[in-house]
Amino acid sequence: MKYLIEVIGETFLSISDPIDHRHWFLSKEQHAYEFIFMNLFYLVVIFIGINLNKKREYENQRKPKPIPEKDYPSLLNKIVAIILAINVFLNLIYKCLRGWRVVFFMLQPCHIVSTIYCYCLLTNNYQFGRKVFKISIYYILVTIAALVAPDLADLTLPFECYNFFIQHYALLIAPFLLQAYRYNIEFELPYALISQGLFGISHFFVFEIFCFISGTNINYMLFPPPLGEFSYLTQESYRVGIAFILFILALGIGRLVILIGSKIRSTFLLKNKSK
(Lines of atoms letter the chains of each structure in order from A and count residues from 1; the text may use other names and numbers.)
(Lines give C-alpha, C1' and ligand atoms only; values in the text may rest on other atoms or scores of the structure.)
Protein backbone atom coordinates (compact mmCIF):
# COMPACT_ATOMS: atom_id res chain seq x y z
CA MET A 1 0.00 0.00 0.00
CA LYS A 2 2.82 2.38 0.86
CA TYR A 3 4.35 1.84 -2.59
CA LEU A 4 0.98 2.43 -4.29
CA ILE A 5 0.48 5.66 -2.35
CA GLU A 6 3.93 6.82 -3.40
CA VAL A 7 3.30 5.99 -7.07
CA ILE A 8 -0.06 7.78 -7.16
CA GLY A 9 1.34 10.76 -5.25
CA GLU A 10 4.28 11.07 -7.65
CA THR A 11 1.92 10.75 -10.62
CA PHE A 12 -0.17 13.63 -9.29
CA LEU A 13 3.03 15.63 -8.79
CA SER A 14 4.17 14.96 -12.35
CA ILE A 15 0.89 16.00 -14.01
CA SER A 16 0.23 19.01 -11.79
CA ASP A 17 0.65 22.55 -13.05
CA PRO A 18 0.17 24.91 -10.07
CA ILE A 19 -1.14 28.42 -10.60
CA ASP A 20 -2.00 29.14 -6.96
CA HIS A 21 0.17 28.92 -3.84
CA ARG A 22 -2.56 26.79 -2.22
CA HIS A 23 -2.31 24.14 -4.95
CA TRP A 24 -0.72 21.70 -2.51
CA PHE A 25 -2.93 22.62 0.43
CA LEU A 26 -3.17 18.84 0.84
CA SER A 27 -0.01 16.77 0.51
CA LYS A 28 0.44 14.44 -2.45
CA GLU A 29 0.14 11.52 0.01
CA GLN A 30 -3.19 12.83 1.30
CA HIS A 31 -4.46 13.15 -2.26
CA ALA A 32 -3.32 9.60 -3.00
CA TYR A 33 -5.00 8.10 0.08
CA GLU A 34 -8.29 9.85 -0.66
CA PHE A 35 -8.06 8.96 -4.35
CA ILE A 36 -7.89 5.26 -3.47
CA PHE A 37 -10.25 4.95 -0.54
CA MET A 38 -12.92 7.48 -1.49
CA ASN A 39 -13.22 6.11 -5.03
CA LEU A 40 -13.41 2.57 -3.65
CA PHE A 41 -16.14 3.68 -1.25
CA TYR A 42 -18.20 5.30 -4.00
CA LEU A 43 -17.73 2.31 -6.33
CA VAL A 44 -19.10 0.06 -3.58
CA VAL A 45 -22.05 2.46 -3.13
CA ILE A 46 -22.79 2.30 -6.88
CA PHE A 47 -22.45 -1.50 -6.86
CA ILE A 48 -24.92 -1.77 -3.97
CA GLY A 49 -27.33 0.62 -5.69
CA ILE A 50 -27.22 -1.29 -8.99
CA ASN A 51 -27.80 -4.64 -7.28
CA LEU A 52 -30.66 -3.29 -5.16
CA ASN A 53 -32.21 -1.88 -8.32
CA LYS A 54 -31.90 -5.22 -10.14
CA LYS A 55 -33.58 -6.95 -7.21
CA ARG A 56 -36.34 -4.34 -7.19
CA GLU A 57 -36.92 -4.69 -10.94
CA TYR A 58 -37.06 -8.48 -10.62
CA GLU A 59 -39.67 -8.23 -7.87
CA ASN A 60 -41.70 -5.71 -9.90
CA GLN A 61 -41.86 -8.13 -12.84
CA ARG A 62 -44.18 -10.32 -10.78
CA LYS A 63 -46.53 -7.45 -10.02
CA PRO A 64 -49.16 -5.96 -12.37
CA LYS A 65 -47.66 -3.14 -14.41
CA PRO A 66 -48.82 0.25 -13.07
CA ILE A 67 -50.58 2.73 -15.33
CA PRO A 68 -47.89 5.10 -16.69
CA GLU A 69 -47.83 8.53 -15.10
CA LYS A 70 -49.23 11.33 -17.23
CA ASP A 71 -46.85 13.99 -18.45
CA TYR A 72 -48.33 17.49 -18.19
CA PRO A 73 -46.73 19.66 -20.90
CA SER A 74 -45.78 23.01 -19.43
CA LEU A 75 -44.56 26.22 -21.01
CA LEU A 76 -42.75 26.87 -17.72
CA ASN A 77 -40.65 23.74 -18.27
CA LYS A 78 -39.48 25.07 -21.63
CA ILE A 79 -38.76 28.53 -20.22
CA VAL A 80 -36.60 27.12 -17.40
CA ALA A 81 -34.79 24.82 -19.85
CA ILE A 82 -34.03 27.76 -22.15
CA ILE A 83 -32.77 29.83 -19.19
CA LEU A 84 -30.45 27.01 -18.12
CA ALA A 85 -29.17 26.50 -21.67
CA ILE A 86 -28.45 30.21 -22.09
CA ASN A 87 -26.66 30.29 -18.73
CA VAL A 88 -24.43 27.36 -19.65
CA PHE A 89 -23.58 29.06 -22.95
CA LEU A 90 -22.80 32.37 -21.22
CA ASN A 91 -20.66 30.63 -18.62
CA LEU A 92 -18.68 28.94 -21.37
CA ILE A 93 -18.04 32.35 -22.96
CA TYR A 94 -16.96 33.81 -19.61
CA LYS A 95 -14.57 30.91 -19.01
CA CYS A 96 -13.08 31.12 -22.53
CA LEU A 97 -12.41 34.84 -22.06
CA ARG A 98 -10.28 34.04 -19.01
CA GLY A 99 -8.12 31.40 -20.70
CA TRP A 100 -7.99 27.66 -21.32
CA ARG A 101 -7.38 26.74 -17.68
CA VAL A 102 -10.58 28.39 -16.51
CA VAL A 103 -12.62 26.45 -19.10
CA PHE A 104 -12.13 23.42 -16.83
CA PHE A 105 -14.55 25.09 -14.42
CA MET A 106 -17.30 24.05 -16.83
CA LEU A 107 -17.00 20.69 -15.06
CA GLN A 108 -18.48 22.30 -11.94
CA PRO A 109 -21.68 20.52 -10.84
CA CYS A 110 -23.90 23.55 -11.54
CA HIS A 111 -23.04 23.49 -15.26
CA ILE A 112 -23.29 19.71 -15.59
CA VAL A 113 -26.61 19.59 -13.72
CA SER A 114 -27.94 22.50 -15.80
CA THR A 115 -27.29 20.42 -18.92
CA ILE A 116 -28.89 17.34 -17.36
CA TYR A 117 -32.02 19.27 -16.35
CA CYS A 118 -32.30 20.79 -19.84
CA TYR A 119 -32.42 17.26 -21.19
CA CYS A 120 -34.93 16.06 -18.60
CA LEU A 121 -37.19 19.07 -19.19
CA LEU A 122 -37.23 18.79 -22.99
CA THR A 123 -36.59 15.17 -23.97
CA ASN A 124 -39.19 13.12 -25.82
CA ASN A 125 -37.58 9.93 -24.50
CA TYR A 126 -39.76 9.88 -21.41
CA GLN A 127 -38.54 6.61 -19.88
CA PHE A 128 -34.84 7.43 -20.15
CA GLY A 129 -35.45 10.99 -18.96
CA ARG A 130 -37.26 9.56 -15.95
CA LYS A 131 -34.26 7.40 -15.04
CA VAL A 132 -31.89 10.33 -15.43
CA PHE A 133 -34.12 12.42 -13.16
CA LYS A 134 -34.21 9.66 -10.54
CA ILE A 135 -30.44 10.02 -10.30
CA SER A 136 -30.04 13.78 -10.71
CA ILE A 137 -32.75 15.03 -8.33
CA TYR A 138 -30.40 14.62 -5.36
CA TYR A 139 -27.95 17.14 -6.80
CA ILE A 140 -30.26 19.97 -5.72
CA LEU A 141 -28.19 20.07 -2.53
CA VAL A 142 -25.26 21.52 -4.48
CA THR A 143 -27.52 24.31 -5.75
CA ILE A 144 -28.73 25.09 -2.24
CA ALA A 145 -25.16 25.17 -0.93
CA ALA A 146 -24.10 27.56 -3.70
CA LEU A 147 -26.99 29.93 -2.91
CA VAL A 148 -26.47 29.80 0.85
CA ALA A 149 -22.75 30.60 0.56
CA PRO A 150 -22.13 32.05 -2.93
CA ASP A 151 -18.48 32.41 -3.91
CA LEU A 152 -18.54 35.48 -6.18
CA ALA A 153 -14.91 36.57 -5.83
CA ASP A 154 -13.94 35.70 -9.40
CA LEU A 155 -17.17 36.81 -11.08
CA THR A 156 -16.00 40.19 -12.36
CA LEU A 157 -17.18 40.26 -15.97
CA PRO A 158 -20.36 42.17 -16.99
CA PHE A 159 -23.60 40.45 -15.93
CA GLU A 160 -21.60 37.51 -14.51
CA CYS A 161 -22.93 37.78 -10.95
CA TYR A 162 -26.51 38.14 -12.21
CA ASN A 163 -25.94 35.12 -14.43
CA PHE A 164 -24.79 33.12 -11.41
CA PHE A 165 -27.97 33.79 -9.44
CA ILE A 166 -30.31 33.36 -12.42
CA GLN A 167 -28.75 30.00 -13.16
CA HIS A 168 -28.90 28.74 -9.60
CA TYR A 169 -32.47 29.85 -8.98
CA ALA A 170 -33.46 28.11 -12.22
CA LEU A 171 -31.62 25.03 -10.94
CA LEU A 172 -33.56 25.31 -7.69
CA ILE A 173 -36.91 25.44 -9.50
CA ALA A 174 -36.20 22.76 -12.12
CA PRO A 175 -36.46 19.63 -9.90
CA PHE A 176 -39.86 20.71 -8.57
CA LEU A 177 -41.11 21.33 -12.12
CA LEU A 178 -39.80 17.96 -13.26
CA GLN A 179 -41.46 16.21 -10.35
CA ALA A 180 -44.78 18.06 -10.65
CA TYR A 181 -45.18 18.31 -14.41
CA ARG A 182 -43.24 15.39 -15.86
CA TYR A 183 -42.00 12.37 -13.97
CA ASN A 184 -43.62 12.19 -10.51
CA ILE A 185 -41.06 9.71 -9.23
CA GLU A 186 -40.92 8.06 -5.82
CA PHE A 187 -37.94 7.93 -3.49
CA GLU A 188 -35.94 4.85 -4.44
CA LEU A 189 -32.87 4.04 -2.37
CA PRO A 190 -31.06 2.23 -5.24
CA TYR A 191 -31.18 5.33 -7.45
CA ALA A 192 -30.24 7.56 -4.51
CA LEU A 193 -27.13 5.45 -3.88
CA ILE A 194 -26.18 5.40 -7.56
CA SER A 195 -26.64 9.18 -7.61
CA GLN A 196 -24.30 9.78 -4.69
CA GLY A 197 -21.78 7.25 -5.96
CA LEU A 198 -21.53 9.02 -9.31
CA PHE A 199 -21.31 12.38 -7.57
CA GLY A 200 -18.44 11.17 -5.39
CA ILE A 201 -16.46 9.62 -8.24
CA SER A 202 -16.89 12.77 -10.31
CA HIS A 203 -15.12 14.63 -7.51
CA PHE A 204 -12.47 12.21 -6.26
CA PHE A 205 -11.57 10.89 -9.72
CA VAL A 206 -12.57 13.25 -12.54
CA PHE A 207 -12.25 16.60 -10.76
CA GLU A 208 -9.15 15.44 -8.90
CA ILE A 209 -7.25 14.68 -12.10
CA PHE A 210 -8.38 17.79 -13.99
CA CYS A 211 -7.55 19.99 -10.99
CA PHE A 212 -3.92 18.88 -11.18
CA ILE A 213 -3.73 19.22 -14.96
CA SER A 214 -5.30 22.68 -15.10
CA GLY A 215 -4.22 24.03 -11.71
CA THR A 216 -7.80 25.21 -11.13
CA ASN A 217 -9.69 24.50 -7.92
CA ILE A 218 -12.69 22.68 -9.42
CA ASN A 219 -15.36 22.47 -6.71
CA TYR A 220 -12.69 23.04 -4.04
CA MET A 221 -10.85 19.76 -4.59
CA LEU A 222 -7.42 21.41 -4.17
CA PHE A 223 -8.14 23.76 -1.28
CA PRO A 224 -11.22 24.75 0.76
CA PRO A 225 -13.73 27.49 -0.02
CA PRO A 226 -13.65 30.68 2.08
CA LEU A 227 -15.32 29.36 5.22
CA GLY A 228 -15.04 32.42 7.44
CA GLU A 229 -15.49 31.53 11.10
CA PHE A 230 -15.58 27.82 10.26
CA SER A 231 -11.82 27.72 9.70
CA TYR A 232 -11.55 24.45 11.63
CA LEU A 233 -13.07 22.77 8.58
CA THR A 234 -9.98 23.67 6.55
CA GLN A 235 -7.87 20.95 8.09
CA GLU A 236 -6.64 18.02 6.00
CA SER A 237 -9.86 16.07 6.44
CA TYR A 238 -12.17 18.75 5.02
CA ARG A 239 -12.86 16.94 1.73
CA VAL A 240 -13.75 13.63 3.36
CA GLY A 241 -15.83 15.27 6.08
CA ILE A 242 -17.83 17.40 3.67
CA ALA A 243 -18.27 14.42 1.31
CA PHE A 244 -19.97 12.31 3.97
CA ILE A 245 -22.09 15.20 5.23
CA LEU A 246 -23.30 15.89 1.68
CA PHE A 247 -23.95 12.18 1.16
CA ILE A 248 -26.46 12.09 4.02
CA LEU A 249 -28.00 15.51 3.41
CA ALA A 250 -28.52 14.85 -0.31
CA LEU A 251 -30.69 11.81 0.39
CA GLY A 252 -32.89 13.71 2.82
CA ILE A 253 -33.26 16.87 0.73
CA GLY A 254 -33.84 14.88 -2.46
CA ARG A 255 -36.61 12.95 -0.75
CA LEU A 256 -38.15 16.21 0.48
CA VAL A 257 -38.17 17.63 -3.07
CA ILE A 258 -39.94 14.49 -4.27
CA LEU A 259 -42.62 14.87 -1.59
CA ILE A 260 -43.17 18.58 -2.24
CA GLY A 261 -43.25 18.13 -6.01
CA SER A 262 -45.75 15.29 -5.69
CA LYS A 263 -47.91 17.44 -3.42
CA ILE A 264 -47.91 20.27 -5.98
CA ARG A 265 -48.89 17.78 -8.67
CA SER A 266 -51.76 16.25 -6.69
CA THR A 267 -53.04 19.54 -5.26
CA PHE A 268 -52.97 21.75 -8.33
CA LEU A 269 -52.44 19.79 -11.53
CA LEU A 270 -54.64 16.75 -10.96
CA LYS A 271 -57.50 18.84 -9.54
CA ASN A 272 -57.34 21.33 -12.39
CA LYS A 273 -57.29 18.57 -14.99
CA SER A 274 -60.28 16.85 -13.40
CA LYS A 275 -62.45 19.96 -13.67
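Every residue gets a Cβ built from N, Cα and C, even glycine.
According to Swiss-Prot, the protein has these features:
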type	residues	note
TRANSMEM	32-52	transmembrane segment
TRANSMEM	74-94	transmembrane segment
TRANSMEM	102-122	transmembrane segment
TRANSMEM	135-155	transmembrane segment
TRANSMEM	157-177	transmembrane segment
TRANSMEM	193-213	transmembrane segment
TRANSMEM	240-260	transmembrane segment
* Asked: Of the stretches 74-94, 193-213, 240-260, which racks up the most C-beta pairs under 8 Å with the transmembrane segment (157-177)?
  -> 74-94
* **Contacting positions for the transmembrane segment (240-260) when only residues 6+ beyond its ends and CB under 8 Å are counted** => 34, 38, 137-142, 144-145, 175-176, 179, 185-187, 192, 195-196, 199-200, 203-204, 233
* Asked: Hey, does the transmembrane segment (193-213) touch the transmembrane segment (102-122), meaning at least 3 C-beta pairs closer than 8 angstroms, sequence gap 6 or more?
  -> yes
* Taking a Cβ cut-off under 8 Å, which residues six or more beyond the ends of the transmembrane segment (74-94) line up next to it in the same chain? -> 103, 106, 111, 114-115, 117-118, 121-122, 157, 159-160, 163, 166-167, 170-171, 173-174, 177-178, 181-182
* List, by number or range, the same-chain residues at least 6 past the transmembrane segment (135-155) whose CB is under 8 A from its CB atoms? -> 109-110, 113, 116-117, 120, 161, 164-165, 168-169, 171-172, 175, 178-179, 185, 191-192, 194-196, 198-199, 225-226, 246, 249-251, 253-254, 257-258
